[in-house]
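K.L.:
Before anything else, here's the structure in question.
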């Protein structure tokens with residue numbers, strides 16, 4: 001069954017124009033083409049990024065946080081109690097008064113001690129400001145680095161200025177070393193985020209904090225499952241564009257998204273440090289960058305290149321054409337939704353101070 005599914009998945013009519021086969025993409029005459037098996041390397045690259053993250057958070061983010069006045073608050077741990085711990089994990093973190101009384105009798109202690117134990121145990125689940133700062137620093141560092149690296153890789157490429165060039169010679173477009181490393185770095189980063197979901201801070205969208213936490217990812221929900229779905233979707237979209245040799249457009253999509261994200265992470269870091277004026281300024285810069293890249297450039301530049309221009313080079317769009325464009329259109333819908341959230345916050349910020 002797996003062999004049959006594998007043959008169906010790699011059917012040429014899904015990935016490439018008519019009269020093309022996978023045999024046409026064997027490296028020859030100095031031409032190098034993307035290969036699906038190269039994506040296996042993104043897993044070890046993800047662990048390299050985790051190693052870099054550990055050292056950057058420990059030896060760069062913590063000293064920087066202390067310099068900005070962020071203190072490491074140590075919370076008091078509750079006394080070990082297997083009964084209460086089991087109830088906390090399996091039943092409820094906020095037991096009712098009657099449940100607390102029952103637990104007090106079961107543990108042979110006072111109601112006040114049980115309430116105190118649950119309060120302290122809940123506090124351990126809340127990430128400290130220092131921990132939030134460390135994560136924001138790591139994301140800021142990666143998005144800033146990827147934006148700079150992306151610009152260096154793209155600024156001398158003709159398709160960075162002339163979007164028509166993204167389809168010239170398709171599907172026999174050679175892959176450059178810079179494009180390979182750009183893809184491996186981006187996919188490896190999302191693998192690393194997927195690996196650390198269990199220990200990273202869980203973002204909850206509530207009240208005014210919705211806008212700040214909502215924009216960290218492309219997913220419409222901020223619970224654990226939504227992060228898993230988002231990271232897998234991002235990995236799938238980038239991996240699919242690699243297999244279909246949509247590499248030129250793919251690098252443009254990654255660059256457009258990364259250039260706004262590091263401004264938000266920088267604003268969050270200064271927000272944790274209570275540098276309000278700096279935080280507000282960075283948020284305004286982020287808002288401008290977001291509207292330029294995701295409300296203007298993405299639909300009128302990227303989507304135009306993926307939806308309209310391929311019809312000039314092929315009269316028979318393959319299945320992958322509809323699959324990738326469908327995902328990009330959904331992404332643009334989310335851009336519009338987040339843009340409305342940012343606009344509301346900006347209006348509140350300007351008129352209500």
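Every residue gets a Cβ built from N, Cα and C, even glycine.
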K.L.:
With the ranges 247-271, 322-346 to choose from, which does TrEMBL describe as transmembrane segment?
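P.N.:
It is 322-346 that TrEMBL annotates as transmembrane segment.
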K.L.:
Quick test of your reading of TrEMBL: among 48-85, 86-123, 124-161, where does it put DNA-binding region?
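P.N.:
That would be 86-123, the stretch labelled DNA-binding region in TrEMBL.
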K.L.:
So which range, 180-199, 200-219, gets flagged transmembrane segment in TrEMBL?
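P.N.:
That would be 180-199, the stretch labelled transmembrane segment in TrEMBL.
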K.L.:
Between the candidate ranges 21-38, 39-56, where does TrEMBL place the transmembrane segment annotation?
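P.N.:
Going through 21-38, 39-56 one by one, TrEMBL flags 39-56 as transmembrane segment.
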K.L.:
Could you pull out which residues elsewhere in the chain have a CB under 8 Å from any CB of the domain 'Homeobox' (84-122), counting only those six or more residues past its ends?
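P.N.:
For the domain 'Homeobox' (84-122), the list is 75-78.
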